[in-house]
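Encoded as structure tokens, the structure appears first; notes follow it.
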Amino acid sequence: MSTAAGREPDRWPESVGIVGLEIVFPSQFVDQTELEAFDGVSAGKYTIGLGQQRMGFCSDREDINSLCLTAVRNLLDRHGTKLAQIGRLEVGTETIVDKSKSVKSVLMQLFEPEGVTDLEGIDTTNACYGGTAALLNAINWVESSSWDGRLALVVCGDIAVYAQGSARPTGGAGAVAMLVGPNAPLRFERGLRATYMKHAYDFYKPDLSSEYPVVDGKLSIQCYLSALDACYQLYRKKFAERHPDIVTPVTLDTFDAMIFHSPYCKLVQKSLARIGLNDFMLASADQRAKLFQGLEQFEKVRLEDTYFDRDVEKAFMARYAASFEAKTKRSLHLASQVGNMYTPSVYSCLVSLLIGSDVDELLGKRVGVFSYGSGLASSMYSIAITTDRERLAEFKRHLNYVQPLLDRRSKVDPAEFTKLMEVREKNNHAAPYEPSGSVDVLFPGTYYLQAVDSMHRRTYERVPPEQPSS
């Protein structure tokens, strides 16, 4: 006996993972070099020190609901996926506009007209990790006895804004939507998932009337790096248990590419080198002598003492500079051009890796993924890319719009950007409210906030999508 969708009971579906991928980002950006001058900081502080080139931002015309509406609608339209093919819909976000009503429930207005209301899933929240939690939930659902043969749809979206000051250039905004199902070109390697959770006040949002977080910058970096250490070492352990036939332990060389949650690009470069530091610390004396010549002075250091050790950082970043270029740098394209999207951040890195690589460079490759959210929650897992060239080429073809759309964005000078941020700050949670941001600058197909009524009910409209050329 099989299900209506053709699923054989009591059998795990094969190759569960990502079968469709969509990203949206703001149509406006501020140039980080111009922002340095406007803020009166030293040249290169944002562009070199943080590794950020441009920062996307939303006026008061866009909120978390509109970003996610756009991502879901674009994904379904681009892939020709029927609403009835979706059986689970979950949102990961930390951008909260309502303490009770979920973003997922707002997205239901896309499905209701066709009577599609049997959709499991809801919103998942923990800083930048909520999108990964939603994605892992989707993977688990497809691999479970609850699966009914339909696809899962995962949406990660956020608007990252900071008060004027040193943290503001680390903002950004965007959303990523993913279709999850069997026979995926991007397969999640079963059993290779390492998670590290801990209580910390490194970044949090206790003021529910404000979009701005409270950030302990130094602690946040320490938490991120310690979580990376813990997840990587646990991944190594699980890999060894899963593959007892492979004698060689996991090292950075196990991965053809490595992507990370990217608060800012420079931290990612340091994180790639830190995996090398872990390999060094975990190696035997013979392996160190053979593989890590020139690093002997660090043999007695302890990982927990190296979070802010400039000598260690400099030495391992230099040692792993070529690895960064080969495995990670191309994944930071969107992160440097749009900024920190929070929950979609690491998945924007996946998009960047895919659009920045040829099909033949990707076939059969293993991609390591590190996801982090303050507070804190983190996971490391790996994705195996299909060896089917035609299938992968088709998957990549659906991302051909990304770079042209980046190139179509409008640059806004820092003074105007600051004014638009002031409007967002002043009118956060205002009701009734009619946004003043321009609709004309939005990309075709973008949903936007039309109005908030006196009862805080939000209504949305859509910029007409472009008609495909005949």
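Glycine too: its Cβ is placed from the backbone N, Cα and C atoms.
Just so you know, TrEMBL annotations are computer predictions that nobody has curated.
This prediction places the mean pLDDT of the domain 'Hydroxymethylglutaryl-coenzyme A synthase N-terminal' (12-185) at 97. The domain 'Hydroxymethylglutaryl-coenzyme A synthase N-terminal' annotation in TrEMBL covers 12-185.
What TrEMBL lists as active site, proton donor/acceptor is Glu94 (among others). Under a cutoff of 8 A between CB atoms, and with a sequence separation of 6+ in the same chain, the neighbours of Glu94 (active site, proton donor/acceptor) are Thr125, Asn126, Ala127, Cys128, Gly130, Asp158, Lys205, Tyr342, Thr343, Gly373.
The active site, acyl-thioester intermediate annotation in TrEMBL covers Cys128. In the structure as shown, the Cβ atom of Cys128 (active site, acyl-thioester intermediate) sits within 10 Å of 32 other Cβ atoms.
Residues annotated as domain 'Hydroxymethylglutaryl-coenzyme A synthase C-terminal' in TrEMBL: 187-462.
Neighbour count (other Cβ atoms within 10 Å of the Cβ, all protein chains): 21 for Lys270 (CoA binding site). Sequence annotations record features per position, and here TrEMBL assigns CoA binding site to Ser220, Lys266, Lys270.
If you look up TrEMBL, you'll see His261 (among others) marked as active site, proton donor/acceptor. Around His261 (active site, proton donor/acceptor), a 10 Å sphere centred on its CB holds 32 further CB atoms from the protein chains shown.
Once the Cα atoms of Ser220, Lys266, Lys270, the listed binders of CoA, are compared pairwise, the greatest separation found is 14 Å. Using a 10 Å radius centred on the Cβ of Ser220 (CoA binding site) and all shown protein chains, the other Cβ atoms total 21. Here Lys270 (CoA binding site) is positioned 12 angstrom away from His261 (active site, proton donor/acceptor), judged by their C-alpha atoms. In sequence order, Gly49, Leu50, Gly51 are the residues of the chain that are 6 or more apart from Lys266 (CoA binding site) and have a CB within less than 8 Å of its CB.
The residues near the CoA site, meaning same-chain residues not in Ser220, Lys266, Lys270 whose C-beta sits within 8 angstroms of the mean position of the site's C-beta atoms, are Ile221, Tyr224, Leu225, Pro263, Tyr264, Leu267, Val268, Ser271, in sequence order.
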